[in-house]
Amino acid sequence: MNPAPLTLTAPAKLNLMLRILGRRDDGYHELQTVFQLLDFGDALSFQENSDASIQLHCPGVDLPPEQNLVYRAAQLLRQACGKPQLGATIAVDKKLPAGGGIGGGSSDAATALLGLNHLWQCRLSLDDLAELARQLGADVPVFVRGHSAFAEGIGEQLTAVSIEPRWYLVLTPACHVSTAALFSDPRLTRDSAAITLAALRDRRLNTHWLNEYAGNDFQPLVESLYPEVGEAREWLSRHGQAQLTGTGACVFAGFESESAAQQVFAERPEGWSAFIAQGVDKSPTHRQLAKFAATV
Ligand SMILES: C[C@@](CO)(OP(=O)(O)O)[C@H](O)COP(=O)(O)OP(=O)(O)OC[C@H]1O[C@@H](n2ccc(N)nc2=O)[C@H](O)[C@@H]1O
Ligand SMILES: Nc1ncnc2c1ncn2[C@@H]1O[C@H](COP(=O)(O)OP(=O)(O)O)[C@@H](O)[C@H]1O
């Protein structure tokens, strides 16, 4: 009988602030952002197989398997550890909307690197895995490191931070925003002033800090292209400080308690999709992996 599969949560992220500082020669953008990890996400389960194949089941993501970030992560890891004979069956239960700015695809990729590194006993360090992650996407390393963080560079230079615990209500408008299309739009603001590292003080971000630096340079452009995003943010701003995450389409507001978030959730207009999640400093993936490692 096969052993029980390894099941891990691939958490969502929110960008609590996001400034675009400029464009590099390779086309990528220098930015500053705060990644807040959430205690909610997709569920990935991994089982080793003996036929050296990567079998992926990922209903809800309309892509050929070879283009799915989970499959690409598995291939990359297998190559990096020089063991082409390794195989795995991976099932993804998608709970996070793709193209929502909450990092679902990136988090799935990071979770595949972490889960398979464990399952296949590749023994790559977090530094090695973060380097593979960078090759898969600018947003992937933060999920490999597994800690909420202030990010610079293209999003891969990370300083772990501790963020005042809050509950987030996330509205998920049904439009799919292309990150690449937004970054290449000439109307995008690309010259924001940088926050100095001194402003991070003791790396503990409280509500006062978050209110002072809140904002997202993508917001005006996204709202002009997708009016339903602006409509969702405007509605949410009547109940809290609402803003866009990443390139959208999701918008969010933070609350002091779960019940405060639930009250607003219950009042949302009929037919609007949303979820509530708690902000966490440490990724659930890492907590689950540590527990799993202790029991096998
Ligand atoms: C904007 C952010 C903020 O967290 O998030 P999302 O809204 O996508 O979640 C990220 O920087 C997105 O990261 P990610 O989604 O991993 O981007 P990638 O796959 O590496 O790149 C997609 C495309 O976006 C552009 N890109 C990405 C990151 C960056 N710092 N500068 C860029 O110009 C590039 O044109 C690239 O071709
Ligand atoms: N496992 C996956 N889950 C979601 N999207 C994926 C996955 N693999 C590849 N993708 C592609 O990545 C794109 C961005 O997905 P995602 O990370 O969820 O959004 P965002 O970058 O807006 O946070 C999707 O539009 C999809 O084409």
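Glycine is no exception: its Cβ is also placed from the backbone N, Cα and C atoms.
Secondary structure at K13 (active site), as computed by DSSP, is strand. All protein chains considered, the CB of K13 (active site) has 28 other CB atoms within 10 Å. The active site annotation in TrEMBL covers K13 (among others).
Look at TrEMBL and you will find 68-146 tagged as domain 'GHMP kinase N-terminal'.
Look at S107 (ATP binding site): DSSP puts it in a helix. The ATP binding site feature in TrEMBL is assigned to P97, A98, G99, G100, G101, I102, G103, G104, G105, S106, S107.
Long-range Cβ neighbours of D139 (active site) (same chain, at least 6 residues apart, Cβ-Cβ under 8 Å): K13, G103, S106, G155, G246. Annotation note: D139 (active site) sits in a coil segment as assigned by DSSP. Feature annotation from TrEMBL assigns active site to D139 (among others).
Per TrEMBL, domain 'GHMP kinase C-terminal' is recorded for 200-270.
Here the binding-site residues are P97, G99, G101, G103, G105, and the one whose Cβ sees the fewest other Cβ atoms within 10 Å is G99.
When pLDDT values are averaged over the domain 'GHMP kinase C-terminal' (200-270), the model yields 96. Checked against ligand 1, the binding-site residues P97, G99, S107 give no residue with a Cβ under 6 Å from it.
Other residues of the same chain near the ATP site, with their Cβ within 8 Å of the Cβ centroid of P97, A98, G99, G100, G101, I102, G103, G104, G105, S106, S107, are A12, L96, G246.
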